[in-house]
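Per TrEMBL, these features apply:
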DOMAIN    C:5-77  domain 'Glycine transporter'
TRANSMEM  C:6-22  transmembrane segment
TRANSMEM  C:29-46  transmembrane segment
TRANSMEM  C:58-79  transmembrane segment
TRANSMEM  C:88-109  transmembrane segment
DOMAIN    C:91-165  domain 'Glycine transporter'
TRANSMEM  C:115-136  transmembrane segment
TRANSMEM  C:148-167  transmembrane segment
TRANSMEM  C:173-194  transmembrane segment
């Protein structure tokens, strides 16, 4: 029950973030709902397809879809009258990222895959929805440009989860520790505006828009 | 037999629409064929992956692929000599949308999933090919921007299909009624230029390209 | 053993090409690694999902992921001090394309699907990673614009493979012949700058950004 309530909260937070992002692209009402759904269930869907887990989580439990749609509609109404509470949403989003990431890690771990695949699935569950949102908005995904320690927090938390699973601990310990790492890193990145260095390759004799390996 | 003929017609219409869209992006000949294939089989492919239906429809029946490729090549030749019949294509496309949407609804319904998932699968089958086409052309998908009641028609038709399935009717009735709803709404939207309202969030103190929940 | 070594070499080449492409988009360090992973394992992943082959190749053998990550990190370090060897990379990339394409063809052939699906899976395995790289960079995929006989070489090689499979030959012959076709065509295209004709549809009375079949 607690698990479901947390999952639904995570879905709602992601849907709200998706709806707000869509609002900055002047989409129509349905487009906003579609982006909200894609943002909130995209990561878990790709994880389930890759791990061959069927039925996919939102097909098995339609509550996820309904929460995502309701959160998107609520956002549409809310921003008509009020300013979105940006600080609160950033914090809620950090918790949403932690919940998604560690739930992805746990599902992958239980599927018996290697540690590195567990981390990969955790990151996919945590951030792929946002990637999908940005691709649908025809933008380079935020997490690739300067993610402000977004996917990095997911990687660190999932790695902590995997490492702690090697010890004989109560099963909730690795999950809680992993979530704490994600939330901690993410909030620290927001407060101190931390970023990974940008990698730029402009002065090496390649011009225009031609690409290595394609032409 | 009739089913296959209708399906092939739907695939051909989608492939033509994809090829024409590609023609406006100055792609090379192969690029046009790839876009045509993606537009015509993308929706059904995602539906089959999500519902774990294997082999995927165009792997089971290669006729779909061949029809899509043939329609794309035909379009390439046709537009070299003639102006595409735009009105006719819009009408054909409305029927293609109806066919795809309701065939997706029927397949999902027979898989025994919930009503809301049936509608979701119907919409995916009907419109995801077009989304893929636009993403490959590095554009915000048409249906999200101002879809002119495109996905909305699919949602309405699929919902009609699901509701009518609750009654003890001949199995063709919900399918035909669903298709009639899609075609009717879509043609009405074309004739009267109907659109969903656009949702825009520009004046709430967010600037530039930064995004909620990511930084 | 030889097979794995070749596969790993192909993954490394694709990851390097992905990392270099990412370097031209000013992504952060993690973004570069993500693009490198997507470029190198994207094609095989889509092939495995479509053919329902589980576990997906990089879940079954985590070496692929590790090679991709290592190659991306190596590239990040290398270009800090040296100019990338562009000619060598183009040649390596041609071999990578051949390896991926023909390994995709062989896997699809062994899954017992039709010849046209074998070619499709071969092309997906060979080029979808690069498509994913470009979509994540919010660009129209290179192979659709003017691919310099890139996907075309994959189609030709895979078709050669399928045709030769009809004869009673040693199983290595179709594979080697297919790879030779891919490498030969690709290198010829690089040397003589060959391209497919571009298909453009601008003068047929369509204006602005409206699209056939969507409005």
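Even glycines carry a Cβ here, placed using N, Cα and C.
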>> At a C-beta cut-off of under 8 Å, are there same-chain residues at least 6 beyond the transmembrane segment (C:58-79) that contact it? List them, or none.
In response: 4, 7-8, 11-16, 18-20, 23, 29, 32-33, 36-37, 40-41, 44-45
> Apart from its near flanks, which chain residues at least 6 from the ends of the transmembrane segment (C:173-194) lie with a Cβ under 8 angstroms of it?
Replying inline: 90-91, 94-95, 97-99, 101-102, 105-106, 126, 148-150, 152-154, 156-158, 160-162, 164-165
> Counting each residue once, how many in the domain 'Glycine transporter' (C:91-165) are helix, strand and coil under DSSP?
Replying inline: 61 helix, 0 strand, 14 coil
> Where DSSP helix means H, G or I and strand means E or B, what are the helix, strand and coil counts for the domain 'Glycine transporter' (C:5-77)?
Replying inline: 60 helix, 2 strand, 11 coil
